Amino acid sequence: MVSSPMSWSKRLDHLLNGGVFSHAEATELMEAWLAEALTPVQTGAFLAALRSRGVDGTELGAMAAVLRQASPLPCERPTLGLVDTCGTGGDGADTFNISTAVAFTAAACGATVAKHGNRSASGKVGSADVLEGLGLHLKAPAAQVVSALPATRVTFLFAPAWHPALVNLAPLRKSLGVRTVFNLLGPLVNPLRPDGQVLGVATDDLLDPMAEALRSLGQDRAVVVHGSGGLDEASLAGPNPVRILEKGQVRSEWIAPEDLGLQQAPLDALRGGDLVRNQTILEELLSGRGSQAQNEVVAFNTALVLWVAGVESDFKQGAQKALAALSQGSPWSRLEQLRAALSPAKEE
């Protein structure tokens, strides 16, 4: 159903006055966006109003559900107990690609990871940028991307290739030049519907709404984390606030590096650089030549993934398992295997 212009005006006014949409209203707004039933001016106004008012978990969950339905999986979903590791971006910290390193490390430790990612949001180099630079074919056919999982235990879903419904909104989002609700929806709409997820947020006010959105979407297990010092992943700079989703319930905790047998380190120890620099860091780190801080921040975040995946029941054990894998260089082997599996020569 498409609402009348007056109805949309009233709803916009509701948002501008601090109101929150019901699940049904948020659903209708997203459906209208995808159907191009709103003018660019109306769409821009709604995006700005949502950004100004702040995030609501019910709205996010409803919008994500619509996007999921609009992006059906073009091949059979694997039944491997999948997990995803990603962040909302927007922390502006210019760290190296931590969540990308975590995906390959977690795979080397026994998790099965379907990483859903894109090009840079705020950092200098996004996950897609660095992986493409290391030779991954980002636009491999969907069946090829999925079929890589049994052997490699990790694959990469380049978001623009999997969400054709969002193509028409891309020019407007780009012209606005600011982060919108769509930046938060990206981590919620992995096309392979992972059973578990570690989701990093750049500000602590996103912890509860993102956890609520995951709960409303039926996520089995998840950890939503805001990194000490302002990262959108667990940090070594101090205790990290988290929301843990398990069996339909969300609980709040704090997890410090010391809890996992790791040492605190400043954010400067995690700095990245340009594309070439970040590629070098990722290759050295995954092949056993990373610095202590690089190894330990990846181990910290990998521990969360291993718990979500059910591979480890204890965060500390998970961190130590990740450190052992990194020291052996086995995560780099996973990346090499995935690069070969996604090669154009492998396309059928």
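Any Cβ shown, glycine's included, is placed from N, Cα and C.
Now, the feature entries from Swiss-Prot:
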type	residues	note
BINDING	Gly87, Asn118	anthranilate 1 binding site
BINDING	Gly87, 90-91, Thr95, 97-100, 115-123, Ser127	5-phospho-alpha-D-ribose 1-diphosphate binding site
BINDING	Ser99, Glu233	Mg(2+) 1 binding site
BINDING	Arg173	anthranilate 2 binding site
BINDING	Asp232, Glu233	Mg(2+) 2 binding site
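What Swiss-Prot annotates, mapped onto the structure for a quick look.
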{"residue": "Gly87", "record": "anthranilate 1 binding site", "Cβ neighbours (10 Å)": "26"}
{"residue": "Thr95", "record": "5-phospho-alpha-D-ribose 1-diphosphate binding site", "Cβ neighbours (10 Å)": "26"}
{"residue": "Ser99", "record": "5-phospho-alpha-D-ribose 1-diphosphate binding site", "Cβ neighbours (10 Å)": "24"}
{"residue": "His116", "record": "5-phospho-alpha-D-ribose 1-diphosphate binding site", "Cβ neighbours (10 Å)": "24"}
{"residue": "Asn118", "record": "anthranilate 1 binding site", "Cβ neighbours (10 Å)": "19"}
{"residue": "Arg119", "record": "5-phospho-alpha-D-ribose 1-diphosphate binding site", "Cβ neighbours (10 Å)": "15"}
{"residue": "Arg173", "record": "anthranilate 2 binding site", "Cβ neighbours (10 Å)": "17"}
{"residue": "Asp232", "record": "Mg(2+) 2 binding site", "Cβ neighbours (10 Å)": "29"}
{"residue": "Glu233", "record": "Mg(2+) 1 binding site", "Cβ neighbours (10 Å)": "28"}
Ser99 (5-phospho-alpha-D-ribose 1-diphosphate binding site): nearby binding-site residues from Gly87, Asn118, Arg173, Glu233, Cα cut-off 10 Å:
Gly87, Glu233
Helix, strand or coil: which one is Arg119 (5-phospho-alpha-D-ribose 1-diphosphate binding site) in, per DSSP?
coil
Among the binding-site residues Gly87, His116, Asn118, Arg119, Arg173, whose Cα is within 10 A of the Cα of Asp232 (Mg(2+) 2 binding site)?
Gly87
Report the nearest neighbour of Gly87 (anthranilate 1 binding site) in space among the binding-site residues Thr95, His116, Arg119, Arg173, Glu233, comparing Cα positions.
Glu233
At the Cα level, what's the spacing in Å between Asn118 (anthranilate 1 binding site) and Glu233 (Mg(2+) 1 binding site), rounded?
16
Nearest to Glu233 (Mg(2+) 1 binding site) by Cα, among Thr95, His116, Arg119, Arg173 (binding-site residues)?
Thr95
